[in-house]
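Below: the structure, in structure tokens.
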Amino acid sequence: MLHRTLQGLVVSKSLMACVDNEMTLIWGSSHFSANACLAPICSLHHVAVTTVEGIGSTKSRLHPVQERIAKSHGSQCGFCTPGIVMSMYTLLRNQPEPTIEEIEDAFQGNLCRCTGYRPILQGFRTFARVSLICSLSQQITLSPSLFNPEEFTPLDPTQEPIFPPELLRLKDTPQKQLRFEGERVTWIQASTLQELLDLKAQDPEAKLVVGNTEIGESGAGLQPARGQSAWATPRWLCVLRKLAFPPLALVPIGRSRNLSLVLQGEYFSAFKQASRREDDIAKVTSGMRVLFNPGTAQVKELALCYGGMHDRTVSALKTTRKQISNFWNEELLQNVCAGLAEELSLAPDAPGGMVEFRRTLTLSFFFKFYLTVLQKLGIQNSKDCGKLDPTHASATLLFQKDPPANVQLFQEVPKGQCEEDMVGRPLPHLAAAMQASGEAVYCDDIPRYENELSLRLVTSTRAHAKIKSIDTSEAQKVPGFVCFISADDVPGSNITGIVWLGSQVTCIGHIIGAVVTDTREHAQRAAQAVRITYEDLPAIITIEDAIAKDSFYEPELKIEKGNLTKGFSEADNIVSGELYIGGQEHFYLETHCTIAVPKGEAGEMELFVSTQNTTKTQSFVANMLGVPANRILVRVKRMGGGFGGKETRSTVVSTAVALAAYKTGRPVRCMLDRDEDMLITGGRHPFLARYKVLVVGSYVRAEGECHLTGKPGALFHMDNCYNIPNIRGTGRMCKTNLPSNTAFRGFGGPQGMFIAEHWMSEVAVTCGLPAEEVRRKNMYKEGDLTHFNQKLEGFTLSRCWEECLASSQYHARKREVDKFNEENCWKKRGLSVLPTKFGISFTVPFLNQAGALVHVYTDGSVLLTHGGTEMGQGLHTKMVQVASRTLKIPTSKIYISETSTNTVPNTSPTAASVSTDLNGQAVYEACQTILKRLEPFKKKNPSGSWEDWVTAAYLDAVSLSATGFYKTPNLGYSFETNSGNPFHYFSYGVACSEVEIDCLTGDHKNLRTDIVMDVGSSLNPAIDIGQVEGAFVQGLGLFTLEELHYSPEGSLHTRGPSTYKIPAFGSIPSEFRVSLLRDCPNKKAIYASKAVGEPPLFLAASIFFAIKDAIHAARAGNPDCKTKKLFQLNSPATPEKIRNACVDQFTRLV
């Protein structure tokens, strides 16, 4: 593995792929991008390596690639940025004038969790070849208001580094065997094929390394050889050098490759269906071949081979042999499908699950093959050959890559606003250039201390058990072992969860202890060597289990309004049912990380932590060590993403690391691997809702019991935007033996709103009315009271709704969708428009406070500190803009270094979308104090400069340091009386989305999304639009893609990017249009702005309900299947669920 000494090589270990630390490999005249944490360093012999630091820096000159991603607002948290930069750089080295499609294809191995991808693609499309089509496209996609492409430095290929001559000279030298001997690994690079075969014969258990990153970390698949201990590593073989580089990987078959003619009358096609279209492993693949007798449609040979239906590729021999001499017609189709259904059966508990889906795909793939061959045969009016129904033709087509069309609209600043006043302007993220050049420092980038140690957690492998013994004897034999820490070592409170010997573990991943060694690698080996014996206890794994066993954490919470009895008596229709919403992994690209440095006196300790909550970290560590909080200093420079996942769960790592530092008296570091992080830290709460909705006409007049088995905070959002006079909702938190879940962007709100939209969808179908009409009729109006009796003021939702309907051309496109569905049997489109209303505030009142500290130095520079942390959301950038306007000085004079507990104490977590509101007002108050102190000097010297006034104040011994404080007024809600205000105000938005589904495979394509979002008077339109798009794409993952799978024993199967799929570059809508509502100042927040981090996420549910609309069309258009109008579709709407919902003759066979 490349050990990082440069910050741009950011290590983010995972089970399959790293997406944030790419480098460019130059081999001769070719360039390849590779992941630094996956490419074994042995494989780089005779290869020139270029990292992001090698192409440009803020200290000298940014490379055009770095400059464009920074200035086009394509870097938020920045952790993925170096990898994306190097992917683009590699493409430009190979193709200086790429096409737009080549640019998009270059990022199929990269992931980003913050931006929503649009700004990255939009910035890099400026490198594309100019053509008439591109020129027209750029008129749509490149907004000069967000960035000006004319300001970009042009790309000059002649200025790039050349391949090192000393390496170039080696190409003519004879090849020799290359051997690297490590502590536990031998790497051999053969020079000839015969040599390779001989080595393989000598050691048959050795692995052949050809870039196979799926087997394990480092790209080499560290699997123990037969007869070796679990910690030994086999001898490795590297293939012939010209085969080894470029690193080879299996190229995934497209969703269905176009048929190719091999011999006369011979046809071949291949198919694949995966969870995600880009960079994913197939659930089922297939290769199919048919050979006809010359000039006929009579089958001479037929081969149908499938992957994903067994532990090896299987051929449907029994089925295909029966079809020899049969004609390619409807009878053959029916016979083959019946045969495949019988021959390719799967047990209900087959590995990989998805049994019905996988079996159906085998039939669907053959049907696609059958149709494609019919098209190619082109035999007309023959009784021996089937006829192609025109409405079936689209089933053979791949989803097309449409030219991108992105629009971002926002209100320009008022005419006459000072050029130095950056409020309301699209100022790039202040750290974007450093993030693009690899100079930005994250927690694990801090250089190692001279005597630093590494920690690795030891966690439970049982969901519920009593610990009988812990044996560390084997771990102590690992080189560099220092100690094992356990609850016995805790000098203070053990509330953070390291269990006592003899006590119970309550989930797989429950922290039992930790090993401390000299290196990270040794810590990993030592942790795996710890042996724990358990006494198993009964475990509760699912929500249904918890309900059945009455296993809950807290008393039932309830919100009730109106007269349910009256509502039942008036009902024309009753709609009832159950809805499940799956959980979601945060998948921040920087996993949890802590460095603890003991200071050696009075219990002082300094911690560098990737956390959203410095105060809670300080408090937990202080309590655990038994020292006052004033001895613990917590510092946060920036995070590589957070999304709520680092609000509280970071403490389980930081307390363990602090304990190790306390015990050893030496600095200790721990950064979780991706699989550890996903296993231990929890994510978004899954929900189970049981509901009964009562309908009068098209109005939702009453809703019965809605049992939300998840976060009770969702009760505040179970109405979404609808005025339901009679409503009752109850919520309970299930107590299961899975890792505890935590805050995640929206914190229960999206789940509650999703249930409300599900009601509206069901009511619309039941009443036979358009869904948008039902939503509009039931929508709140200005001055209405919510179900928790808070008055809606400044209600802009109706404006958002009308503007979105108009800008999306909803009604015209609805007609086009209906026409498409009439003309296509196996491809269907759906269209959905829905609103969101999101309450802004911590619902715990005391958390709605913030502090700030402003230092003005004698040279006029300002050091600003506030209580919020930077995780990519642009908080520091906005705070500098606020301070700049308040002090009336340029942003260049203001700097934010970090967030720390010794500058602003007792901070609330950076969460709930309120950090700009709270900290911005605190910064404003602190700056106002400074201005008041400077006022006398401004009056004495009105024509002076900022520096003159500051100097005069200093010489007059006036303090140039000030604190600011703010708390949100009039907050507090009582569940007992259903009164009070849980929120300070509400954010509103509307989205309209169109999708196309493949009814045969369950695949779907997001065609277009239009969003209108009320963010008040935007402090920074570029950041706010980035938050809208990023939240939407994260919600797209929640509702259509991301799925957590657990074993019956409670073990998480989806522990990395190989099994857990977040949206990729190709997942976003082809047309992505975002408009910020104009002329809607919010008098309740700093400079009339509004919160933006969480509210837009739910709008991605428009994708889900558009998919559901398309499934309705598929079911309605299938006269052979008697289907109910109402059908179950749980979230997320994965290909499996979409395909299974599109019932047809193929699903009936399985």
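Note: Cβ is positioned from N, Cα and C throughout, glycine not excepted.
Taken from TrEMBL, the feature [2Fe-2S] cluster 1 binding site covers C37.
Sequence annotations record features per position, and here TrEMBL assigns [2Fe-2S] cluster 2 binding site to C77, C80, C112, C114. Other Cβ atoms within 10 Å of the Cβ of C114 ([2Fe-2S] cluster 2 binding site) number 30 in total over all chains.
Here the Cβ of L208 (FAD binding site) has 15 other Cβ atoms within 10 Å, regardless of which shown protein chain they belong to. Sequence annotations record features per position, and here TrEMBL assigns FAD binding site to L208, V209, V210, G211, N212, T213, E214, I215, L263.
TrEMBL lists 269-373 with the feature domain 'CO dehydrogenase flavoprotein C-terminal'. Taking H, G and I as helix, E and B as strand and the rest as coil, DSSP gives the domain 'CO dehydrogenase flavoprotein C-terminal' (269-373) the counts 38 helix, 30 strand, 37 coil.
Positions annotated as domain 'Aldehyde oxidase/xanthine dehydrogenase a/b hammerhead' by TrEMBL: 437-538. If you average pLDDT over the domain 'Aldehyde oxidase/xanthine dehydrogenase a/b hammerhead' (437-538) in this model, you get 94.
Listed in chain order, the residues near the [2Fe-2S] cluster 2 site other than C77, C80, C112, C114 are S75, Q76, G78, F79, T81, R113, T115, L589, G640, G641, G872, each with its Cβ within 8 Å of the site Cβ centroid. Distances between the Cα of C80 ([2Fe-2S] cluster 2 binding site) and those of the binding-site residues C37, L208, L263 are shortest for C37. Of the recorded residues, C114 ([2Fe-2S] cluster 2 binding site) and C37 ([2Fe-2S] cluster 1 binding site) place their C-alpha atoms 22 Å from one another. Here nothing among the binding-site residues C37, C77, C112 falls inside 10 Å of the CA of L208 (FAD binding site). C37 ([2Fe-2S] cluster 1 binding site) sits 17 Å from C112 ([2Fe-2S] cluster 2 binding site), taking the C-alpha atoms as the reference points. Each of the binding-site residues C37, C77, C112, L263 was scored by other CB atoms within 10 A of its CB, and the lowest score goes to L263. Between the CA atoms of C112 ([2Fe-2S] cluster 2 binding site) and L263 (FAD binding site) there is a gap of 44 Å, rounded to the nearest whole number. If you measure from the Cα atom of C77 ([2Fe-2S] cluster 2 binding site) to that of L263 (FAD binding site), you get 54 Å. The 10 Å shell around the Cβ of C80 ([2Fe-2S] cluster 2 binding site) contains 31 further Cβ atoms across the protein chains shown.
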